[in-house]
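Taken from TrEMBL, the feature compositional bias 'Basic and acidic residues' covers 1-12. What TrEMBL records for 1-23 is region 'Disordered'. If you look up TrEMBL, you'll see 13-23 marked as compositional bias 'Low complexity'. For 41-122, 130-232, 242-326, the entry in TrEMBL reads repeat 'Solcar'.
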Amino acid sequence: MDSSECHNRLDVSSKSSQSSNGSSAVPKVVTIEWHMLDKEKFFPLSLTSSFCIRSLLYPLTVVKTKIQVQRHNSIYKGTFDALWKISMTEGIHGLYKGFWVSTFQLFSGLAYITSYESVREMLLRQGVTDSRLRALCGGAAASVVSQSIIVPFDIVSQHMMVIGQKHGRSVLNPLKIEYQRANSRELATRLIRAVYTQSGVLGFYRGYFASLLIYVPNSAMWWTLYHTYQGVLPQLLPTATPALVTQCLSASLGGATTVILTNPLDLLRARLQVHASDNVTLTSTLRHLWKEERWLVFSKGLSARGIQSVVHSSIIIAGYETVKRLSIHGDYQHLVRW
């Protein structure tokens, strides 16, 4: 199927508005598809957008991780309490621990979105026109590709976020490295060496299957809900509501729903990756987590993760859909509504 045939299968609005003289208006594209994009524009714009968004939202990632690895509420009582205490004790630097290591994840983000859009395009060529089904499959496949790249960087950046944090009567330093006088580069180097010395290459993939367990269904669910809400909200919002606003609201609702359903799995993943030990397994971590937190597994870090997801979902879609609109081939520009 060539691009013209794909165009015939596009997810367009089913109702064309009528003009004052009775003629039908041109149908508008609901979802900008992969073949409609100029990739030479899309990739650099996407990288720039992702870096700006990561810079803005990274402090929430740090807060979420610190809350997840503490015992009960021994240090931070919630998201805003953590933001205040970290700012007061460590300054702005404390909210950006591990940031430069995490920027390597920008390339995994490109791999993620390329995989997502490619799977959607492949299914479209096979005759699958349901946008939600294509989103489900694309989101799951993209997450597997992304996590295979991202987990090693996640391991190092998460250690940098929590090292030195009080944990009961002890201080978190599972790899037992000297960190107090090290700058970010030295700390990252020492952590990489320590992980490799302790567990070899496999140490950089600790929690990999736990990450797949949380992120694959998370990604599949998020994209499916995003397209579901995108179909429902136009019926509830004023007709003059900009398409981009509807998409941002759909993303936030999808993010909130997904976070509530997957919070225990994300808590398990964070514990597995931070508490490094050859004796630590998925089963033992799950058992210890339940013994320590009980029903708090459903709410611990939920506010930080929820705020992060709702805000991140809205901003990432605003950036992503804007980049797609700016990168669209001229032949399709008249079909897209802002």
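Glycine too: its Cβ is placed from the backbone N, Cα and C atoms.
Note that the coordinates shown come from a computational prediction; the quantities given were computed from them, not determined experimentally.
Secondary structure of the repeat 'Solcar' (41-122), assigned with DSSP and counted as helix (H, G, I), strand (E, B) and coil, comes to 67 helix, 0 strand, 15 coil. Per-residue pLDDT, averaged across the repeat 'Solcar' (41-122), gives 85. In terms of DSSP secondary structure, the repeat 'Solcar' (242-326) contains 74 helix, 0 strand, 11 coil.
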